[in-house]
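According to TrEMBL, the protein carries these features:
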- 6-324: domain 'FAD/NAD(P)-binding' (DOMAIN)
- C43-C48: disulfide bond (DISULFID)
- K52, D309, M315, L316, A317, H318: FAD binding site (BINDING)
- G179, G180, G181, I182, I183, G184, L185, E186, E202, G268: NAD(+) binding site (BINDING)
- 343-449: domain 'Pyridine nucleotide-disulphide oxidoreductase dimerisation' (DOMAIN)
- H441: active site, proton acceptor (ACT_SITE)
Amino acid sequence: MSEHADLLVIGAGPGGYTAAFRAADLGRKVMLVDSRPTLGGVCLNVGCIPSKALLHVAGLIDNAAEGASHGVSFGAPQIDIDAVRKWKESVVSRLTGGLAGLAKRRKVATVQGTARFTGPHEVQVTTPDGSRRIGFDQAIIAVGSSPIWLPFLPDDPRIFDSTGALELKSVPPRLLILGGGIIGLEMAQVYHAMGSRITVAERMGQIIPGADADIVKPLMSRLKARYEAIHLETSVTAVAAGEVLTASLENANGMWQAEFDAVLVAVGRRPNGAELGAGTAGVTVTGHGFIPLDSQMRTGQKHIFAIGDVVGQPMLAHKATHEAKVAAEVACGHSAAFEPRCIPSVAYTDPEIAWAGLTETQAKAEGRKVKTATFPWAASGRALSMGRGEGLSKLVLDPDTGRILGAAIVGANAGELIASACHAIEMGSDAADLALTIHPHPTLSETLGFAAEAFEGTLTDL
Ligand SMILES: Cc1cc2nc3c(=O)[nH]c(=O)nc-3n(C[C@H](O)[C@H](O)[C@H](O)COP(=O)(O)OP(=O)(O)OC[C@H]3O[C@@H](n4cnc5c(N)ncnc54)[C@H](O)[C@@H]3O)c2cc1C
């Protein structure tokens, strides 16, 4: 017999569970389907949260090592990899278990299984025990994305993606990371702290493509000093699996081979839109697997919405949750739209990199006239007292009105600090608004205020 939901949400990542909970709070009978046994999607199970738990451990190891230059020395760390893994898993299960409780409290029915559309108002869900047909009045597609795999890579347990890396099965002596983006470099930091020698191969001309070059520079300098090699404008064209893994690398200077004990593939993610049978429901999916939408998160079918990684870049959890609230509210008859002025991106590397709104690189590419104002952390008392004067806070401004169009930060806690810039951009603030806001001293947060003062011509700290 077929079941029925007012609102069916497919995928229980940050997009899906947020949409389900918001719609339930607005009075809907909601069903939430996910192929995984636990809620939380990629973010909680194999993404944001486990990576940050491991980065925290890496930070402990690195900070302890750096204590020596401040007069405090600890012995070499004793790393119990099983205990580290268990701790990471305990953080994940606490959060996913918490979500199950929140779903129950809202009477959101959860189903474990893989959904596929069989018509505009029905899906078939393949569950561990068989199959269920679920009818719906409205649906929200939140099926997320998967890691991109390179076709030339052999099937070998020593070659893994971010999900495999987070399992932390062992610490390979030599680790090659394909991709110098956020995920690749976060994992590099974890494995380096645990003892791996790291080589990064990145196809583009800089690591963290997307961030401005001056913001990436302090991170690049630090990593170059610590890692075996960072090869830019370099492709890995083959990996041969023998006693060791032999990778073929290629750049403008030629081709060479190098041996590794493990390879992490972190070359990006692809949306899961193509595997849903969405066409059967009349929902368009692009050749790349994305689902096109209007600003109310509606697909071409008025009663079917889509959110999160499957609808486009940037593939980030906080974009998914905000889109989710819009989709749920519109589905419940409210007036809402997804029209943010900025979506922040953060690399939780050391130093952290964060940016939001317009970057200088983007402005140049678009031929937009902008002015930038920076404050180097070498002049920040707080940064120096932490031994981290390499940071930089930067604003991208309209040269005529002083309006803040973008912000970027490299340095400790950049991911936390960028939030005040996001608020400024969202509120349409100009440099004077930020410069006249009294920031506490001595903090890293005041470096953004100082950058605004630099634009205003009122800076006295430099
Ligand atoms: C290692 C790593 C670290 C990351 N770190 C961060 C970070 O620090 N900050 C950040 O903002 N983002 C981070 N991300 C990205 C973030 O995880 C994603 O942007 C976010 O999870 C997207 O949410 P979503 O709801 O769109 O989908 P997902 O979280 O991908 O969830 C989709 C869910 O749908 C399920 N599903 C798919 N198809 C079906 C189907 N047919 N039927 C039923 N269920 C289905 C999947 O099993 C999955 O559970 C990270 C990603 C990775 C891999």
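Placement of Cβ uses the backbone N, Cα and C atoms for every residue, glycine included.
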Let me make sure I understand the span of the NAD(+) site: among G179, G180, G181, I182, I183, G184, L185, E186, E202, G268, what is the greatest distance between any two Cα atoms, in Å? 14
Which one of these recorded positions has the most other Cβ atoms within 10 Å of its own Cβ: C43, A317? C43
Three-state secondary structure, H318 (FAD binding site) (per DSSP): helix
What is the separation, in Å, between the Cα atoms of H318 (FAD binding site) and L185 (NAD(+) binding site)? 20
Express the distance between the Cα positions of M315 (FAD binding site) and L185 (NAD(+) binding site) as a whole number of Å. 17
Rank the binding-site residues G179, G181 by how many other Cβ atoms lie within 10 Å of each Cβ and give me the one with the fewest. G181
Tally of DSSP helical, extended and coil residues in the domain 'Pyridine nucleotide-disulphide oxidoreductase dimerisation' (343-449): 37 helix, 31 strand, 39 coil
Which recorded positions from the set C43, C48, I183, E202, H441 come within 10 angstroms of A317 (FAD binding site), judged by C-alpha positions? C43, C48
Rounded to the nearest angstrom, how far is the Cα of E202 (NAD(+) binding site) from the Cα of C43 (disulfide bond)? 24
Sort the recorded positions C48, D309, L316, H441 by C-alpha distance from L185 (NAD(+) binding site) and give me just the closest. C48
